[in-house]
Structure formats: structure tokens, C-alpha cells
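One structure is given below, encoded as C-alpha cells.
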Amino acid sequence: MANYSHAGDHNILQNVSPLATFLKLTSLGFIIGVGVVGNLLISILLVKDKSLHRAPYYFLLDLCASDILRSAICFPFVFTSVKNGSAWTYGTLTCKVIAFLGVLSCFHTAFMLFCVSVTRYLAIAHHRFYTKRLTFWTCLAVICMVWTLSVAMAFPPVLDVGTYSFIREEDQCTFQHRSFRANDSLGFMLLLALILLATQLVYLKLIFFVHDRRKMKPVQFVPAVSQNWTFHGPGASGQAAANWLAGFGRGPTPPTLLGIRQNSNAAGRRRLLVLDEFKTEKRISRMFYIITFFFLSLWGPYLVACYWRVFARGPVIPGGYLTAAVWMSFAQAGVNPFICIFSNRELRRCFSTTLLYCRKSRLPREPYCVI
């Protein structure tokens, strides 16, 4: 691999602009710092604050761990290759290991975002089932399943099934995309695109579900039933109680008055709690959809370039487009902390109180007198 890096395209190395190298190193260093520090702060917050020990934040913690792995291990090797003039100075085995970790992180994020979209739909459409079944152990089982599937997708190229190699134009070790007639990586790309499409379809179904529940339906009045001025039935109102208290009713208490005073307040409180939980679940779903949207937007240009290499025969991919697409895929590892803080009010509040130790209202001091 080292011989391949130095021998083949020595003229290309001389044409690399120092300004382009400086911009690559600066931007990649910033991505590494933000990806490691930002995701580490979010992870510490999720572990330290017990109010965040819930199903969606377990999945968010797993996403942060995957981004930390990619930022701390894979990106420094890219930084070194750019610094050495787009050359790989390590061995073939190291290249395969780094490529394996990068592809593992990519597929893990895609699989996890799909599982999160399914749980978000269950949280809103089937909330009772969601609260009973999605416990800590269920989330742990989902996380282990996602990592297992990701390893199954990323490990075959290590055995030269869809070969990993150093791609000079991308400054990284990854899939070597050849023409579709002699290609081994097309199946991996098709599966990744299918996962992203399925995730968008689940969120689309969730949007339709919420929209249908928000439609204003006409009120249908059902007449109340009365035999002795004690109205009861589906259309009964509070007038039955007034009639009965005024003495118009004879006989036993009507059915609509049994237990109303004892249960009305509890029912009202329970309904308000459900509405509050529904709003919280909607905010969390919005945050995860923004994360999914940014993942698709930042990885989309690179996927287009990969499909271009496989199917296009004529023109070569422009170098500027390929560099921008690769660096956008790198930037995906550092955007999640910003999305979490700016789109989730609960995380923002916990971040200020737990990590920054800022509180809006201080505890009152004990009274004292001056003698």
C-alpha cells in the first residue's frame, strides 16, 4: 500500500496546492476537535443526568460513541495522509483496519437512525406499548443488534470481498469502487441507500399520523336520555346534576352523577400529563429527524460520487466536488452535538444545570437578624 501511494502518481503530488492542503488540514482539525469534544460532552451529560436515562437518549449516547470512534481514530490518519501529500505511509493491514472502522461507523449510524425512527413512531402512535416495552434492556438489545449488523456489513471487505484500499483522491482508506461489471461494493451502497430511504418513509408515516390527529372534526351532538328529568347517556351535560339537586329528579341518583366529583380531577390531571408527554415526544422526534436529515444531506454528495464511479463511463468526477463531498461526510461526525443543543430544550436545560452549573432561580437563604 505504501508503494502504491508513492509510485503511481508522483506528478499529482507536485500539483497539490499549499493553500488547498492548508484548508484541508485546518478544516479536518476543526472537525476532529468538535467531533471528539462535542460528542464527549453530550455523552457525559447523558450519563450524569439521571432525568435523561430514557430510551431515546440511550440511542443518542450510542450515536455519540460511534462519532467519537470515527473522529478520534479514523480522522487522524486522514490528517496524516493529507500532511504527507495525499500519501499513505502505513501498511496494508492498517489501511484495512481504518477503512473497517470508518465503514462500521457509517453503517452503524444508518442502522441506528432507522431503529430510532421506528421507536419514534411507536412513542407517538402507540405510546402505551412504547412505555411498557421499551425498557433499558430492550434498548441495550437494540444497540447490540445494530452493532452486530454493522460489523457484518463492514467486515467482508477485510477479506477482500469489496476491497478496502487507499483512495488518493479522497485521502482515506475506504471502498475501492470499480465499474459495476467488476464491482464488489455496489451491494453495500444499495443497502445503505435502502436503509436511508426506509428511515425517511417511517418519518413520513409519522408526519401523516400526527397530521391526521390534528384535523378539526365537526361536533356531533347525541341527544341525552331522560325519564324523570335526570338526563343521562352520551349527550348528557352538567344540567342533569343541576336538575337533580333542584329536586326535579325522583328516585336514585342518575348514572352520570355516580363518582363524577371524585374522578373528574384525577382524569383531568391524567389527560394533561399525556398531552405534556406527547409534546415532549414530538420534540425528541423532531431532534432525531434533524439528525437524520443532516446525515442524509452530508453523506448524499459522497454517495452520488460513489454511484458515479460505478455506473458512469465517460467523464471523471471533478476533484473539487469529490473533495467537498468527502469533507462533508467527515463533518457529519461533528454536527450532532450542535443539533442536540439547539433543537432540544430539555438537553439545553440539563446542559446548563449539570455541566455549566447555571440555575435560573437560586435557593433562598435562611433569614437572619443583625444585633
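Any Cβ shown, glycine's included, is placed from N, Cα and C.
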Second cysteine of the disulfide that Swiss-Prot assigns to CYS173, among CYS74, CYS95, CYS106: CYS95
Shared topological domain relative to the membrane, SER86 and ILE284, Swiss-Prot: no
Contact between the transmembrane segment (322-342) and the transmembrane segment (27-47) (3 or more Cβ pairs under 8 Å, separation 6+): yes
Neighbouring C-beta atoms (10 Å sphere around the C-beta of CYS95 (disulfide bond)): 23
Same-chain residue ranges lying at least 6 outside the transmembrane segment (27-47) that approach it to Cβ under 8 Å: 57, 60-61, 64-65, 67-68, 70-72, 75-76, 78-79, 82, 327, 330-331, 333-334, 336-338, 340, 347, 350-351, 354-355
Outside the transmembrane segment (190-210), six or more residues from its ends: residues with CB under 8 Å to it: 106-107, 110-111, 113-114, 117-118, 120-121, 124-125, 153, 282, 285, 289, 292, 295-296, 303
Distant-in-sequence neighbours of the topological domain 'Cytoplasmic' (48-58), which means Cβ under 8 A and at least six residues beyond its ends: 116, 119-120, 123, 130, 134-136, 138-140, 143, 284, 288, 346-347, 350, 354-355
